[in-house]
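Over in TrEMBL, the protein carries these features:
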COMPBIAS  8-41  compositional bias 'Low complexity'
REGION    1-41  region 'Disordered'
TRANSMEM  64-85  transmembrane segment
TRANSMEM  112-132  transmembrane segment
TRANSMEM  166-184  transmembrane segment
TRANSMEM  196-217  transmembrane segment
TRANSMEM  259-280  transmembrane segment
TRANSMEM  286-307  transmembrane segment
TRANSMEM  319-338  transmembrane segment
TRANSMEM  344-361  transmembrane segment
């Protein structure tokens, strides 16, 4: 603990007037305890100020390293996992390409059934983004510094990051629709513009966990705030505060720092741009990228089950959220099975999968919207209580 640099008020009031005048004239006659305290605390304070940025850099570096390792682990996991689910179907479907497509192996549907449903999905995601509550920034004045500081409410952050996740979905299907509609030959798909467009299509899927995971982090922020109250410990993201307990001794859900989610998404998206998730059937890229959403999906599902117990969130909303996020998992084994063991055309297969995505993504968006409304309601109630106390 850092001690004050000045003498406490209680010490100065014990001196008589003559002693105070002598001290003001001759500093050598000040009490020895004062000099000792000042000289003893100055090095401690200086050491703390010097080590604080070093600690922050080490903390962020640890989080970046964690996100990088986690991304590489799930990249390897995504490469082999489909072959465990349906080995024979996967062997006939997943052929690595790295954007070098072969005429006898590459399959890419260009019918309206594929790109038309892509555009329909993009429209649905746009409507969901628009339906979220319109939150605003709150500006707080600090009289001690005569400065004004702009702070964001939890509901504002929750809404923006939820919209960011849905925007990733929108950009993915929009880019996919353009690619399916206009790149109709193998030669056109060898052009750099297709690689750029398809990297957006797949890369936004791997970027979505950054928003998805940070939404969960903000929910835990609210959870800690309601159980522990406002304070530095609640807002700290160090590994020492990774897990907390409430006053009753019940363990709280862990708050995963945002740097982990950001690094995880950046590394995964870089692998996509490099070609590490590119297959002869470009649709396979999407399913590989979808596997990288596993950590953030699991994090949110746990929060839906146990988080925010004091907020006005119905059990139906919690079940809806858990189902919506787990629905995506069914697409991974479905694609190779439908391609290898049915007579359906690629357009029909893609239409079925897009309809499934519409249900899953819409459910996710509606659940996050209800969560945002519940958090906003709680914040408004707290603001009203604070205003009442001031009056």
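Count begins at 1; order follows the chain as displayed.
Backbone N, Cα and C define each Cβ position, glycine as well.
All TrEMBL annotations are machine predictions without curation.
By the Cβ criterion (distance under 8 Å, sequence gap of 6 or more), the transmembrane segment (344-361) is counted as touching the transmembrane segment (112-132), at least 3 such pairs being found.
Among the recorded stretches 64-85, 112-132, 166-184, 319-338, the one sharing the largest number of Cβ pairs closer than 8 Å with the transmembrane segment (286-307) is 319-338.
A contact links the transmembrane segment (64-85) to the transmembrane segment (319-338), because at least 3 Cβ pairs that are 6 or more residues apart lie under 8 A. Only sequence-distant pairs (6 or more apart) were considered; of these, fewer than three Cβ pairs between the transmembrane segment (166-184) and the transmembrane segment (319-338) are under 8 A, so the stretches are not in contact. Beyond its flanks by at least six residues, the transmembrane segment (319-338) meets 81-82, 85-86, 89-90, 92-94, 283-284, 287, 290-291, 293, 297, 300-301, 304-305, 344, 349, 352-353, 356-357, 359-364, 366-368, 370-371 of its own chain at Cβ-Cβ distances under 8 Å.
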